[in-house]
Each structure stands twice: as C-alpha cells, then as structure tokens.
Amino acid sequence: MLALGKLLELTLAGREPAEKTQLTVEGVRMRWLAEGALEVRPPQARDNGTDLLLSAGIHGNETAPIELLDELIRSIARGDLKPRARILFLFGNPAAMRLGARYVEQDVNRLFNGRHEQSGGAEALRACELERLAASFFSLPDRYRLHYDLHTAIRGSKIEQFALYPWKEGRQHSRFELARLRAAGISAVLLQNKPSIVFSAYTYEQLGAEAFTLELGKARPFGQNRHVNLAPLRLRLEQIIEGSEPQPDERLEGLQLFSVAREVIKRSDAFTFNLADDVENFSELEKGYVLAEDVSDSRWVVKEEGARIIFPNPKVKNGLRAGIVIVPADADGLG
C-alpha cells in the first residue's frame, strides 16, 4: 500500500509525508495538500467529470466517519478501489482529533461563510484553510460538484442517520440527490430555508456544489463504532468514486423530509431548556409546550403541529443556536 494511504495515521501523529505525491499501479495520483488533506485524481482517460469532496473530523470526537474515510483512502492506495472521480479527502480539525475532543477552543462548524474572519485562533485559521482547499478543488469548470460532510451526533436520535441540505435563494433542492441519499441509508433530510455558517453551506452557497451535512449515529471514540452501520453509505460512496452507481429511485419512498420551523437562540446565561438532558434528536413536541426560557421572560412555546426538536444543546455560547424546531415537509418544489 502507498504511504499516502495512511493519511489518518499521519494526521493523528502530526507528521507530513516524506513523499507528497504518489501514483498507484493503475495511474491514480494521490497528492498530500496540507495537514489532513489528500487529493485523489484518476488518469485522464478514466475521469468521468465528477468532483467529490468527502470531509470528516470537523468535530474531532466524531470518529465513525473518520474511520470510514480512512478505509476508502486505504482501498484506493492498495489499488482495490479504482476511482473515476476526482476526490478531495479532508480531516477537518486534526488538533481536536488528536485530543478526542469536539473542538479545542471553537466549534469549527460555526466558522464558515466568512465567520472565521470575525474570530481568531487556530480553529478560525483552519476553517479559512478548509474553505481555501475546497474552493481550489471545485475551481475546474464544467464538472459535477458533490460534497458530503460526515458527522456523528452528540446525543442519540430517533432517526439515526439523517442529512441537512443547505439553502440558497433561487436554487432548488435536487430530487436526484435526495434519492441518492436514500440509497445510501439516509432515513430523513432536513431542507434548510436560510443561509448557514457550516462547511456544507459554504460549498453549496459559494462554490455551487450539491452539499450535505450527514449525521450518521452517535459520537464514540476510535475503535468503538461497530454498532454504527455505515455499510450502505460506504457502498454508495464506492460506487460514486468508481462511476458504477446504479440509478437511484427518485420516488423517495421511505425518506422523511422536514423543514425548519424556527431556531432557538441562546441569548444569555439564564437560558434553560425544559427538556431532559438525554432527549433524543427528532423527539416530538406537543403544541403549547414551553420549550425553553431565557432572560427578560423570553419563552419559546411550541406553536407548530407535528413539531420535533433536533440538536438541543443549552451549553452553546450566547448568541448561538441552541436547537432547531422542525416540522414535516413534502417533496413539492424539488428540482
């Protein structure tokens, strides 16, 4: 196996490879670009015009997706997986990965779309570098751009594997891409309705990629992910990489769609959620329930039918989103 197949090992050790460019027997070029960043380019005669960005480790303790990317990289380096797509593999926050922590000082996934310019520190610099790497990768014209940013969640979920689909004014969400996610084992998709500051929103809004944040189960340490079933996703990624993907069923049967009703913003240290600490993502909320309270008698009362909560986190910094209230959506308006 080529040494660059050990990108994860190099990243966790904080080392640069001795050789920054290597070729497989099949003529696939693997090129180390920066810490945790590897570009894979097929021979020109095999290139099918797809540019695939796969990122994981934006939160350093979300190890199942990191291990999945490691397996794909090693398969390419051994010559078992024969790409027809260009691929950029990114391990998002190496410093946090080495600590086994979500982040060191700042949540990197709140620092995109210009937010890093308003901040300082190593993680703001890393967000800037990730934007630069993605922009350079997606700079070639007339190619199909796809980005999956892979995560696991802090808490359990009533729907274990789901996706968040960014939004941009004037652009339709793609039925084909939703069908592709369903075939990859994703059970639900949240259709966003406003700009965002996460990595997938940057590549979707600024770089024209089809981009998604994928939540793939609960965060666990390295080597403890045997209960996380990523086999359908891995198979679909291998098919996209090799250009052997069967046409997905665009009827979207079995895929639950949701839209954002509103975000719960933490305004002060007085903020409290009226939810159990271990409440799961997609837990249902009764209409009229007082969901959260904050300073100056601020209250979030559930007004929507069929409402659910995702990403409840009262420990975020003041001014940030502490949770999202979502409601069922239909497939009308998909492109």
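Yeah, the Cβs are placed from backbone N, Cα and C, and that goes for glycine too.
Swiss-Prot names His59, Glu62 as Zn(2+) ligands; from the candidate set His151, His173, the record adds His151 to that same site.
Within 8 A of the CB centroid of the Zn(2+) site residues His59, Glu62, His151, the other residues of that chain are Ala56, Gly57, Ile58, Gly60, Asn61, Pro65, Arg102, Asn109, Leu150, Thr152, Ala153, Ala219. Here His151 (Zn(2+) binding site) comes close to Ala56, Ile58, His59, Glu62, Pro65, Thr213, Leu214, Glu215, Leu216: these same-chain residues lie at least six apart in sequence, with C-beta atoms under 8 angstroms from its C-beta.
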